[in-house]
Every structure is written in C-alpha cells, then in structure tokens.
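Notes to accompany the following structure.
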Amino acid sequence: MLGWHLTHGKGKEVEHSVSDKEVPPNLNTRLISIQEVSGESSAASLEGQSVSSTISSGKRLPSPSRRIVDVAWKERVDVWKMKQENGFSPVRSQSASERGVYDFNATINDSVDEALLSPSGSLLTEKHTSIDYLLGEPSQLAAVDIFVSTVDPLKEPPLVTANTVLSIMAVDYPVDKVSCYVSDDGAAMLSFESLAETSEFARKWVPFCKKYSIEPRAPEWYFALKVDYLKDKVHPSFVKDRRAMKREYARFKIRINALVSKAEKVPGEGWVVQDGTPWPGNNTRDHPGMIQVFLGQNGGLDAEGNELPRLVYVSRENRPGFLHHKKAGAMNALVRVSAVLTNGPFLLNLDCDHYINNSKALREAMCFLMDPDLGKQVCYVQFPQRFDGIDKNDRYANRNTIFFEINLRGFDGIQGPVYVGTGCVFNRTALYGYEPPVKPKHKRESVLSRLYGGSRKKGSKSKKGPDKKKSSKNSDSTIPVVNIGDIEEGVEAPALDDDKTLLMSQIRLEQRFGQSDIFVASTLMEHGGFPLYATPENLLKEAIHVISCGYEDTTEWGTEIGWIYGSVTEDILIGFKMHARGWRSIYCMPKLPAFKGSAPINLSDRLNQVLRWALGSIEILFSRHCPIWYGYGGRLKFLERFAYVNTTIYPITSIPLLMYCTLPAVCLFTNQFIIPEISNLASIWFLSLFLSIFATGVLEMRWSGVAHLFAVVQGLLKVLAGIDTNFTVTSKASDRRRLGRALLDQMDDAFDPADDSADYKPFGSGCGYLLRAQQWVSDLGTSFWIIDESTGDSAVVDPVDPEKVIQSAEQHSANIKFVLTTHHHWDHAGGNEKMKQLVPGIKVYGGSLDKVKGCTDAVDNGDTLSLGHDVNILALHTPCHTKGHISYYVTGKDGETPAVFTGDTLFVAGCGKFFEGTAEQMHQSLCVTLASLPKPTQVYCGHEYTVKNLEFALTVEPNNEKIQQKLSWARQQRQANLPTIPSTLEEELETNPFMRVNNPEIQEKLGCKSPIDTLREIRNKKDQWRG
C-alpha cells in the first residue's frame, strides 16, 4: 500500500491510502509520489510511507530529524580531525580512474585553445567508462540533475517542452545518474498532462535512440532532418523501426495538440482531475506546492525493459503577499527540491525550448568538472547558444556571433565566460555560495601574472590582506566553520572540539540555507548522496517543504546563494558572484553543438528580448553588484572585472547613438553644420571621421542596439523611482506560415477549364506544397495535388478526371507516386481505375473499411505515408458519411502550416450527410479527431458549399458575428469567381454549427441536453432546410 496525505495550503486535508495497482496509468494528478529517490538510497522503499504538503508560511518547529545535520556535519569534522592527528598527507578523494575521467596531467589550463579540447576529452571519458561497462563495473561518472523551466504553456508550447524533455531522457549518460526536473511556474494542468503523455512516449523513444545512436534525440528535429537516414545504418530493422517510431510520434503530437485545444476552453468551475476533485493550480496565484515523479528506477521501464532516468514535475507553492522572484525563484526551488530527492553534485539548466542536440554534451562537461586538478576550481561549464529556424541572412542577428564567437572566447582566457542563462552545467557547491579550494603557490609570479589575479597561499595562516577582507565582506567565515575544501585537503583550521561551537555552526547553516534539516545536510555532501538516517518519508515531506513560498524568508537565498534576485538578467549576477569568490568557468564549444533552441521569429519578439537583456544590464550597473565597485579585495581578476563592466555598460552606448542619428536633422533645421569649411586641416579631420565610420561599419555590419535606449530609461525608472517593469516571456511557438514558401492550388469548379494560370497560396514547408490545377468537370467536386518540391514526387487526392490530372502533371513536371482516396463514392473514387491504366504501378490508397474502387493498399487510422523527402501524411479514420471514410493530415518540413483533406466529412461551415453512420460517429470525427489538430491547420474539403452552409449557420446562431463576417467574405469571393477553400480549423470552430455543439446556448435553443443530440438535431434541420 502507498499511503499519501495531501494538504492544500491552509485548507482542508485529504487523506488517501491506495495500492500501487490503483494508481492510474497516466498518474493521478493529486498523488505526490516518489518512485525512486536516489541510486544511493535505492534500498529505501516507499511502501507504507506518506507525504504531506506544508502550509504557506514555510516555518516549522524543530523536528526529531534535526540530529541528521548534527551527525552529517560531525562525521565530516571527525574525519578531518583524524587526518590532522595522524599527520595524514592529503590526497584526492578519488583518482582519475575512479571518477571515470582520464587524467590529463594538468594539460588543460586557462587558455582558450586548451578549453576547446573538450571533444577529445570526452572521447577519453567515453572510452574509460566503456571499459568499466565491459568489465561489468558501475560507471563512476557523477550524477547530474537537469532543470527545465516553463511558465505559460500557451506561449511555450507543450510540444516544444516535450521535445526538450525527450532529448534529456535519451541523453548518452548512465540512466541512474540523470534526473530531469520540470518546473511549472504557472501550475497549469496542461503542462502536467503533457508531461504525463511525454513520459509514456519516452518509454518507446529512448530505447530507439540508444539502439541506433541517432542524433539529435529530439524527435521533432530528428524527423525533420534532410539527410540520408540510411547512411551508416546497417541494422536490418532500422528502416522498419524508424517508420514505426515516426508513426508513434505523429500520434503523440495529435494527443498533445488535443490537450492544447482542450486547455483553451477553461471551464467556469475550473479544471478537475480524474477523481472529480479540483485541480490544485486552478488559481495560479494561490495554490499549494505540487510534486509528481513520473519515471525512475521503480517508476516503470522502457519498451525493452531497461530503466529510464527520473522525470519529476515540480510546481512551487504560490500565495498572495509573497515575493516569488519569477524565474530566479523557480530555479532556486528546483535547486532545493533536487538536493532533497537526488542531490546530484552537478546541475544543468535548460530553457524549455533548448533541447540537447549532442547526446554526449554531459560527458563533454564532465571532462572539466571531474578533472582531478582543474575540476575543484570550476563553478560551471558554459556552452554557446545555437538556434534553429534562423533564415540564411539572420536578419534579426539571432546568432549573436560577436558575443558567442569572440567575446566569450576572450572571457575564457581570463577567468571564464559569463553565464548566459541556459546550456550551463553548474557545480552545486558553487551555487551554495562556497569558495573554491585555494591553489598552492610554488613559484613567484611576475607583475603581469598579478595583473590577471595572482594567487593565494594555501592555509588559513597565510590569508592576509585582501583575502581576509574578502572573507568578511562577501562571505561569512563561520559558514561552514571549516571550508569544505579544507576538510578534504587537510588544511589546518581552528579546533572544533567545543560542542557549543558545533551547535552554533549548525544554527548558522540553517539561517543561511533555511529550516530543512535534510537539505542542510545535503549541502555538506560534496559528491552528492543523502544522510544515512534520511528515510523516504522524510525526503517526501522535505521536498514539499523546501518549495513552500515562505521557505526563503530570513535566509540568504537570492542574495548570496543560488540564482540572485533583483534583475531580469539574473544570469549575469550568478556568474559574477561566483567569479568574485575565486571560481573560474569554462567555455566549451564542441564541434556538434551541445544544445539548440528556438530563436525569435519576428522583429517585435527580438526587440523585446534585446530590451530585456539591456534592462538587466542597466539594473546591475546601478545596483550594489555593479562590477565597477563590487567585490574589491576578493579573488576576481582585473581583466575579468573589466569584461563584466563592458557587459553591463553597453546599453549606455544608445545615448551617443541617438545623438548621432538626430544631429544631422538638427543641423538641417538650424543651418549650422558640425563639419567645418573646406580646408586642408578640415579635410584631414573629415577623412578621419569617414574612415572611423567605415571601420565601425565593417566590424559591426549592422546597427543592432535599437532597444538599448528604452532599457536605459526603464532601468533608471526602476532603480531611482522603484517603478517595476514587466517580464515578457518570449514566445517559443514558431510562425509556420512565415517560414514556409510552399505552394497551393486546388482544382475548383469556379475556374475555367482552359485557365492554366497558377494562383499560389502558402502551405507546408519549403519543400512540400500543393499546386493549383484547373477544374475538369463541373459540379463533381474538388481534387488536389500534393507535391514535394525537392524531388517532384506527387500524390493526388480524389482524382475524378484522370486525363486532366495527367495533363496537369506533365505541365508541372510532377511525378505521380500514389492516389489518396477519402471514401468510396463515385465522385471521389470514380477515377481510380483509369489512373491505374494511365500510370502503371501507381498505388491507390483507401480506407480498409470502405470498398474503394481500384484500391491497391488499404489504410487504417494512424497509418502514415511519406512523399519525397519532407511530406508526411497521416491517415485519420473519420466515419459517418461512409463507414471507412479517411481524412488525410499532411505536414511538411518541421510541420509547418499543416493541412487536412476531409473529403465529405467536413465542409466549410458544414458536414456530410449521415449515409453510413450515426451522430455519435460524426461527433467523434468532427469534435474529437479533427478538432484535436492544430488550429492553423488548413481544411480542404471535397465540395464547395460555403455560402449555403453559412446561410444555414445563421439560422442556428443568428447573432454570431464570426459567421456574419465570413458569409460576407464568401459572397464577395464567389462574385469575384474566387474560391472559399481552404478554411482553417480555427475558423470552423468559430463558424461551423456542427463543430459548436458543445455550446450551451445552441443546446438550449434546440432543446437538446447533449452535444450528440444537438448534432443530430442540426443535421435534421439542415436536411429539411431549403434556403
């Protein structure tokens, strides 16, 4: 039995006791469970344990588990004292071979060129761990906790987040060493349900990735690759498995899109979970903390029976009256909850749209972080940001080439790059505000070396002057009483025999880290793991407690520990404070980019992004953390400080830029010119000015600082007047229509048969498109081409007049591969036999339950077809008009602007007659299957009855403005002899009465009590209507 006890804030407590078998497959949303806590505590069973969420205050009285900290701290001190008494010569806690990393003999140093040796380093790491694997020994690679943060699932689409999570789950790293935490700061049920679907799909996706070693391991981008996927894939089952996986992913996308469509219609009473209770996050500003573990060692295996990495959903508590500090607060909550549940010594944070492009990225980072000489000094390894979806001219400068290719390389030659907000592997110890061990000094350094920061002598007695000042100013020497690095290395320190001193140290630790005994104990464990006396019950309770909204009160979270508060660009502050303590960072640029994300796709989003960055820099410039004066007397190197000053002061350049732009206009109005009259001396100055401007243009190529002036103004308002600015989440949804240059042309009965002109409309990707051809027989319906531009391969939908289809194909150099038949009626399937005669060997697809004339290959619901390189076709069973009616859902590269061919199931503002089915079947076809597709999906139906259908729709909803507007537009189109097809699913959901049967007003007007009865009644009225 797994018992659980859930407290919603200060409200009523709910108790349950259920067996493991009673937990539904998609995981009960109210159950806060932990299948597996850590590899080190695998023996701890959760059976019979309970969990309790804390109330909003975040304060608790001391509990019996307080002694956990005593024991953990005292054990470490005792070990250190024993080394001191025995005159033990300090050695590293683990050798290179024990830690799974090859010893470079300190060949990796601070230079840029050496930092770029990571690819070769990862190869050595991989070889060594492979030997361990062959010998049957467990991997000695360190555990990594990976954070993914999201806020608004409508701006950060769940499918994008799902791809990021799937790439993490399939990373090339020991599964028991990887834990993925997804932070949902919006407490959205959509995010939770999407993650549940993702966890189920991961059971199939992860073994496929690892079996065939594919790259990248985000399915959306893997299936979008324009490469020969058969190259180097000698496994005989690869083609079959790939097609099956592509089919599974298409189904997965439909399920995710269905959840999105459902989430856009919020019930008046709020969301409810499967057991009928309200979703705890209905009020996004007042809800309890929520944790759900979806996958882990005891949370289910993959399709081949192997373990999967842990996948944890986290939504921190949110209450009115508490400061939540946006993303920085969410990241700090993840730091604490991960320390309680898994406590990996290293952390990787990713934005929800940044997937792992190189599955060996974690191994790349470990070559630095676990290096026996360099690793103890490294606070984080930063990877450059790389983006998908950027046009070839990079019109919005999304690549940031100067910053990532030049500036950060220069940082790496000093004390390391700044933290850029994502794609960074942290040393957990550095996030806790500790200082790195002091390197021993063996020889006297030159003046130039001192300019770059110098070094400090080892040992507390040798700390003089600047070190001593720094310890009192930027850190507290009593936290901990003895530096953790000193305990490991055996450095002399004051004795700790006094129990009172030990108790004061413990109290001071709680004041620093918060009132969580288990979490405080975890901060003392440099290599991860848990206190010996921590039980699963304690871990569960502490996990909820550390994400309560009042936990950080009177602690140093956000000021000295974790993500720093006070700026929208908290990432700069985090790296700056770590460097000020003496840590160094590494810039790792593997040949295959480690991570890729989505770049802003329009100018407004790009300007908002630049504005946010510049605003953060201005906030730091006018704060106590300004690099001009902060941290003097510490261990920040001079040139590193100078680089940070440049990072924060650059928006000020917008002021002289503004003057430069306005000065010519001022000169024209005042008739006063800044350039003197022509003379020899003036000519020299003019030439110098011209050359300077020309050199600036060559270096920068384009002006890109247009948003910086607004950042300066807003930053000054915030710092001086206290006027806050809103943080705008950059939309991660790609503009499918803008990127696509695909072409459409339908065979419509409104066109003259002799008109061969092409009227093109956007569809699909840059390669897949539909092409307009002429209508061949009046009143027979509409047929369509689907053509892959890169190969010329084509398919035709419902060809009634084959001769004209062949003639059109020859005119457009289309290579007909197959025919798609929606249903068996003669006005759709009547040309199949003739097509087989005119094109020998052509395939004709039709529904398996329909007796389609000329059909050579039957398709069922969920079957997929491929056309050329980039066009994918998914068969959807939409019965009622006929028993085996099939609609075809078509996507091009990256799924851009999809289309669906609905035959006679769905018309514009109407639907087909119920010839072979029932109202229940039509409701399932229209309101479930088709309605779950993305809203921008273009709808191509078999006949054009648009005007009549809209006129009837007004009899059902006479006050629907959307119907009135579309009817006016449709009449204008027909008067101009233009088509009204295609429509979109979004328009149909607004104007089609057969897809609006869930509307209570329509049900009440028609006297029906259910959507199905309403659909049946509307169909009866339409059949009798003679408008």
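Quick reminder: no glycine exception, Cβ is built from N, Cα and C everywhere.
On a predicted model such as this, the values are computed, not experimentally measured, just so you know.
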Listed co-binder of UDP-alpha-D-glucose (same site as S149, K155, E156, D185, source TrEMBL) among K262, K265, K326: K326
Alpha-carbon distance [D571 (active site); D185 (active site)] in Å: 18
Distance check against S149 (UDP-alpha-D-glucose binding site) for the recorded positions K327, D351, D571, keeping those with Cα within 10 Å: K327, D351
Where D351 (Mn(2+) binding site) sits in the secondary structure, as DSSP reduces it to three classes: strand
PLDDT averaged over every residue in the domain 'Metallo-beta-lactamase' (781-943): 89
Packing count at S149 (UDP-alpha-D-glucose binding site) (other Cβ atoms within 10 Å of its Cβ): 22
Closest of K327, D351, D571 to K155 (UDP-alpha-D-glucose binding site), Cα positions, recorded positions only: D351
For S149 (UDP-alpha-D-glucose binding site): DSSP state (helix, strand, coil): strand
Nearest of the recorded positions (K327, D351, D571) to E156 (UDP-alpha-D-glucose binding site) - Cα to Cα: D351
